[in-house]
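Participant: According to TrEMBL, the record shows the following:
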- B:Asp407, B:Lys408, B:Thr409, B:Glu485, B:Phe526, B:Lys550, B:Arg582, B:Thr662, B:Gly663, B:Asp664, B:Arg755, B:Lys761, B:Asn783, B:Asp784: ATP binding site (BINDING)
- B:Asp407, B:Thr409, B:Asp780, B:Asp784: Mg(2+) binding site (BINDING)
- B:1-10: compositional bias 'Acidic residues' (COMPBIAS)
- B:1063-1082: compositional bias 'Low complexity' (COMPBIAS)
- B:294-315: transmembrane segment (TRANSMEM)
- B:846-867: transmembrane segment (TRANSMEM)
- B:922-941: transmembrane segment (TRANSMEM)
- B:953-971: transmembrane segment (TRANSMEM)
- B:977-996: transmembrane segment (TRANSMEM)
- B:1017-1042: transmembrane segment (TRANSMEM)
Amino acid sequence: MFLLFFILFFLLDSRFTQQELPACKPMLTTGWVISIFMAVGVLFIPLGACALNSSKKVVEIVDQYETVCIPSAGTKEARVQYIQDISTAKACTRQLLVTKNMAQPIYVYYELHNFFQNHRRYVKSRSDQQLLYGNASESSMANCDPQRLLAGKPIVPCGLIAWSLFNDTYSFKLNSVALAINRKGIAWDSDRKDKFGGSVYPSNFPNNYPAATNGSIIGGASLDPNTPLNANEDLIVWMRTAALPVFRKLWGKIERDLYAGDLITVDINNVYNVYSFHGKKKLVLATTSWLGGKNHFLGIAYLVVGGLSIAMAMVFVGIQIKCPRPLGDPSYLSWNKNKGRDLNTSPATGVHFEVCETFMFLEVKVLCS
Amino acid sequence: MAEIKEDEEDARPPRISRDSSNKEKNSGRCVYINEGDRYPDLYCNNRVSNTKYNLWNFLPKNLWEQFGRFMNKYFLLIAILQLWPLITPVNPASTWGPLLLIFSVSACKEAWDDYNRYKLDKQANERMVWVVKKGVKTRIQAQDIHVGDIVWLREKDEVPCDMILLGSSDPQGVCYIETSTIDGETDLKTRVVPSPCIGLNSELLHKIKGIIECGYPDRDIRRFDANLRLFPPFIDTDYFPITVNNTLLQSCFIRNTEWACGVAVYTGNETKLGMSRGLPSPKLTAVDAMIDKLTGAIFVFQVVVVIILGFAGNAWKSTEADKLWYVHYPKAAPWYEFIVIPLRFELLCSIMIPISIKVSLDLAKSMYAKFIDWDLHMYDEKTDTPAVATNTAISEDLGQIEYILTDKTGTLTENLMVFKKCCIKGSCYGDSTRDAVKDPALLRALNENDPEVLKFLTVMAVCNTVVPSRSPNGSISYKAQSQDEEALVSAASHLRVVLLNKAANCVEVSVLGAVLEFDILDVLEFTSDRKKMSVIVRERQTGELKLLTKGADEAIFSSVHNDQQVRRVAEIVDQYSQMGLRTLCLAWRDIREEEYHDWSRKFKEASSSIVDREWKIAEVCVLMERNLELLGATAIEDKLQDGVAETIESLRDAGINFWMLTGDKQLTAAQIALSCNFVLPEPQGQLLYVQGATQSDVGASLERVLRTMQISSTEHKYQDVAFVIDGLALEFALKYYRQLFAELASLCRTAICCRVTPSQKAQLVHLVKSWEFRTLAIGDGGNDVRMIQEAHVGVGISGREGLQAARAADYSLAKFRFLKRLILVHGRYSYNRSAFLSQYSIYKSLVLCFIQIFFSFVSGISGTSLFNSFSLMAYNVLYTSVPVMASVLDKDIDEKTVLQHPQILKYCQAGRLLNPSTFAGWFGRALFHGAVVFLITMHVYVNEKSEMEEVSLVALSGCIWLQAFVVALETSSFTTIQHIAIGGNLVAFYIFNLVASTVKWGGMYTIMFRICSQRAYWLTMLLIVGAGIGPIAALKFFRFFYRPSLINILQYRERRARVTEANATSSSNAASATSSGSTSSSQRAAQDEESSSVYQPLLLSTKDRTKRQ
């Protein structure tokens, strides 16, 4: 479209029709190339250092609890049976020691491993229309199977994602004093306003009737039928599916500073099943930097690319000093070099060219050695 | 002529029984004159239809045609698979949208073309014509004409169907027509009323009855074999032979004739024109073939990927996915379960072959064609002819031409004939300073009424097919189909033997002021087999019968009577040929009355035969054309066109081999070949002649030449060897010594084939094609049409011999010298650009595809698409199509540099920019870039940032950033358009996605705003560009500096030259003092040379070569 517009515009210009538009042809010299690589290196290394530094300043407390919060012995089957048994209480207490000062806000995440929210069956299993309006067309709900209907009536919210909502809960104590966690504002505002309906209430939701599932697989959290969907921020956060099988989801915020030596006690209600698939559950308390959470990758990658770039520049400098090569030397034009020989060769010119180029390359090597 | 009574008329025509209609089927058709309505269903009516479709079959037929191509079938299959919601990764609209768009665009184009054809047809069909119906002249639509109807035409009317002329306003029965719509020739041609009908007045013509036997409709516009028999009371004679001279063919125009009428014999789509219509099969360029091959390879790769991932996916599903309770696989799987995951991957990988590649290539190709049309350097001001690319699809092939097969007359030469010299009875007239017409010796002889000279000039003036036309002021101008004939007649008129007038069978010639009248009894027409033409005339005053003949020397010498010495004339003819002149010999003889009588009968018989007429006539002609008295020879000069020698030299330097195919004599051809740089003159070059009149002679000669050639190629004795072969020897060589000939031809860069017929020309083209070389045929006349159509690229010169060749050709040029620019500039750029465009198009889709494949490994090999439907659709159509299209303006090196170093074309010829290994480079780059984008995105966007929509858009924008830099890196010259396209595209991407992010119900709602506000996002982009482009740039620069291709060297020189040009020129004076040793490899010396002469030709061989005239 754009091009058509410009062509129409330029059609009037004879320089266009004659292919004589003024053109800028950047001239490559070794000097230029060396400077470009140097410049990239000079730009990347400080950026990398900066990013790495800020990532290192982020304080993170990670506590993996899925194995410790379960009777230690037992096979996988036993664990699964334990977690699926509704009757047993699954409370679990963990103590976290703050090693460094943490400035507010401190984010509380749960982290799941080996959980494929990006699985094709899973990621599509939702109805955006239903989430916003409550009732949805058949076609929009088609992807919700097998969590579309319960007893012949549509499930609200339907689909595997909502059904498998994470339902471990945490309560925090700081040095034996209850620590307030702000559980509001953890979901995106845009989702709460425009993606999830304020007048859509969960209904017919299978997790609310564990008996109705006939003892088959039990999903995740139950939903309060009196809370509209857009008020259930845990659900909204969960419905933003993760792109990787390892992910963190925001659970709340601690709106006060924590200091080194502080002891945090967490009472965990460990009910979410990750034992079927050898998943991991972690509780994370973390601060952020201007780049987000703790992630050294960006900084290291910048340092590596910057370093390689400077190394490349050095290589070019080295070659240039050791083996200066005249650019655009006409004697390298093969038809001058092999004059007389090629006139009687066969018309198959390709072969001749190959020979020529190999020859040229060898020459460079000889000159350099 | 007796009056006809009504009852007689009804009774006369014989009834057609069932038998006779069966007989018709066997021998052609019988047309009953003036009986058009009698059997309306036997032959089709005159409704012309050129349309390919009608309203009902358009959709199915068009779709069927479009799905004939592999790529389209593939796209359709993918689109149909996407309708299955279980497997489609994206909304089916993302494929159906572009697919429908593309299909409807090309369907609309077809429909529009067809509609235009329909309108033209309708116009022709509904034109009103006068037709005799039941003896009354009525005005009907042209489409209602039936075979047998008598059609009346006025001056300037278009002939509505193929007719046989029955009457004209001219008392002699002559009618003039213009046939430019059929054969492109603009001169007037004469058509004559068959002699039984001459003199019929218009009243009788209303009532005329008779029968015409003619063959089945065919497409040969130069032949028309039929017989006419009128019923009594009209002359009830034998069958009268009808030739093409008695016909008016469809879509000719009546000129200079008040009215004419004829009987319709072929109507509608059965006319000569209708039969020869039809679209030529589309030509496929080498680039297209290579792209098809690469696409096939990609398809195979895709299938392999799908199979591997499908297996892996099914395996993962059966072992791991069952444990993922939240995925909730049903216990009982349907039977087709195993195929679901492979099909999902098939769809995920389907963008590997992008729909956009075809669209952008087609668009680019039409741009190349437009650039050719627009090019003012290929515009001939004198004749106001621009270059025209009729075939818009094959510009890339121009850059890959390896063989050029060229016609001589009119192509290399001007086809402007000048009568230079002649030889009459052993004395030669005309020398290097003066033409023969100004030679005082000849003028003296003329004044002395030398009978030999007068005979000679009379033959010149009479024995031809020239039509004199007198303008109002009394001057006579000549219109001829053959330039040679025109030159001869004009020369004769300068020597006061003036052709005054030519009616049907009477010629008036003023010989030194006295008017002589000749009755033309028979014309023995020129054919390329006989190589001569004759007329039999009776001088009115004396009643003497004479045969006047002119023709090629060997054709005449063989029929000269025995006791005459032809040696002297033969020597002179050889001399003339060596000067590059075209020679003709003239002869005549007296005929006795009874001899003529005998012969005339045989001739008539032969001319009225329907089968093998031409051959039979030739046989009869031999009987008459014998015992000739040789009068002498004429020599006509045909000047070389401007710039022919330079053009051929550059193109030969570019590695293109030239073959000259001409109808001329061996010596003339060799002379022209030397003067236009086909071969180097003696010390460096050598011409080897393949001769012989019998099979064994030719064989021996071929072997000898081959041996010489092999020796000289091993010893480097000559720089240049060419072989010369004539038509006869060629026929033997092609028939019996094909292998030997092929060997010879492969050793020789140049060949000269003389005395070849049009079909031999086409045969030679076919032969060279069969050795897998890209061929270009260039010619100007009707005899070159077959060769032009046969070659990969046909170029027509719109010259004096009409537009026939130009119409049949893919490209038409005004002058031969434009060929250099067409090939070196347009061909080369087109090839380079298409090579980039096609590989880049696949590359960019592959990048996206690799990311999808990598993503499948972290999403449980379940076939999840990382990108949403909208992004997938927009990626090829919107985000990446514009910058790549701007590459149709890219120039790797300047036109000037290319023209100076034509050798650089060898890069294109050898297909060095588009082949499996370059493509492997692009494939590797796609893999690398896919990995870079995927790994960086997935490592930066981890933990709490790992949100599908965000990650998807980050990866997508990473690709877009890379694309911008890749295009910039591969572009050599940046015009404003490129700047806008590359930069603007990037900006447009963000605007587009920001707009899409405001749509509340869309999946991308707020995403773009969100990521744009993250610092990490911009750092990611920078990192992707740095990590993705760095290694590629380093590799490119390394090659450029330390292993430069020839293109790189020229690029560098050219750019440095521009810089030095811009700087002060003062330093160059000092530097020019030092000698510029071009072999020096030190930088300093090279720099000196640089500054001393900016555009000094690098080609040493050009300096060595002495230019010959």
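In case you wondered, yes, glycine gets a Cβ from its N, Cα and C as well.
Where the annotation comes from TrEMBL, it is an automatic prediction and has not been curated.
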Participant: Which sequence positions outside the transmembrane segment (B:294-315), separated from its termini by at least 6 residues, show Cβ-Cβ distances below 8 Å to it?
Facilitator: 70-71, 74, 338, 341-342, 344-346, 349-350, 352-353, 357, 838-839, 842, 846, 853, 856, 861-863, 916, 919
Participant: Looking only at Cβ atoms, how many others are within 10 Å of the one on B:Arg582 (ATP binding site)?
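Facilitator: For B:Arg582 (ATP binding site), the count of other Cβ atoms within 10 Å is 24.
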Participant: Are the transmembrane segment (B:846-867) and the transmembrane segment (B:953-971) close enough to be called in contact, which here means at least 3 C-beta pairs under 8 A that are separated by 6 or more residues?
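Facilitator: Answer yes: the transmembrane segment (B:846-867) meets the transmembrane segment (B:953-971) with 3 or more Cβ pairs below 8 Å.
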Participant: Have a look around B:Arg755 (ATP binding site) and count the other CB atoms within 10 A of its CB, chains all included.
Facilitator: 22
Participant: With a Cβ cut-off under 8 Å, give me the same-chain residues at least six positions beyond the ends of the transmembrane segment (B:977-996) that come close to it.
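Facilitator: Distal contacts: 870, 874, 878-880, 882-883, 885-887, 889-890, 953, 957, 960-961, 964, 967-968, 971, 1002, 1004, 1008-1009, 1012.
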Participant: Pick from B:Thr409, B:Asn783: which of these binding-site residues has the biggest number of other Cβ atoms within 10 Å of its Cβ?
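Facilitator: The most densely surrounded of these binding-site residues is B:Thr409.
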Participant: For B:Asp784 (Mg(2+) binding site), which of these binding-site residues sit within 10 Å, Cα to Cα: B:Asp407, B:Phe526, B:Arg582, B:Arg755?
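Facilitator: Cα within 10 Å of B:Asp784 (Mg(2+) binding site): B:Asp407.
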Participant: Nearest of the binding-site residues to B:Asp780 (Mg(2+) binding site) by CA-CA distance, picking from B:Thr409, B:Phe526, B:Arg582, B:Arg755?
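Facilitator: When the Cα distances are compared, B:Thr409 comes out closest.
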Participant: Using a 10 Å radius around its CB, how many other CB atoms surround B:Asp780 (Mg(2+) binding site)?
Facilitator: 32
Participant: If you count Cβ atoms within 10 Å of the Cβ of B:Phe526 (ATP binding site), leaving out that atom itself, what do you get?
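Facilitator: Counting Cβ neighbours of B:Phe526 (ATP binding site) within 10 Å gives 18.
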Participant: So how many other Cβ atoms are close to B:Asp784 (Mg(2+) binding site), meaning within 10 Å of its Cβ?
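Facilitator: Other Cβ atoms found within 10 Å: 31.
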Participant: Taking only same-chain residues 6+ apart in sequence, whose CB is under 8 Å from that of B:Asp407 (ATP binding site), what do you get?
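Facilitator: When sequence neighbours closer than 6 are ignored, B:Asp407 (ATP binding site) has B:Met660, B:Leu661, B:Thr662, B:Lys761, B:Ile778, B:Gly779, B:Asp780, B:Gly781, B:Asn783, B:Asp784, B:Met787 within Cβ distance under 8 Å.
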Participant: At a 10 Å cut-off from the C-beta of B:Gly663 (ATP binding site), count the other C-beta atoms across all protein chains.
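Facilitator: Neighbour count, Cβ to Cβ under the 10 Å cut-off: 23.
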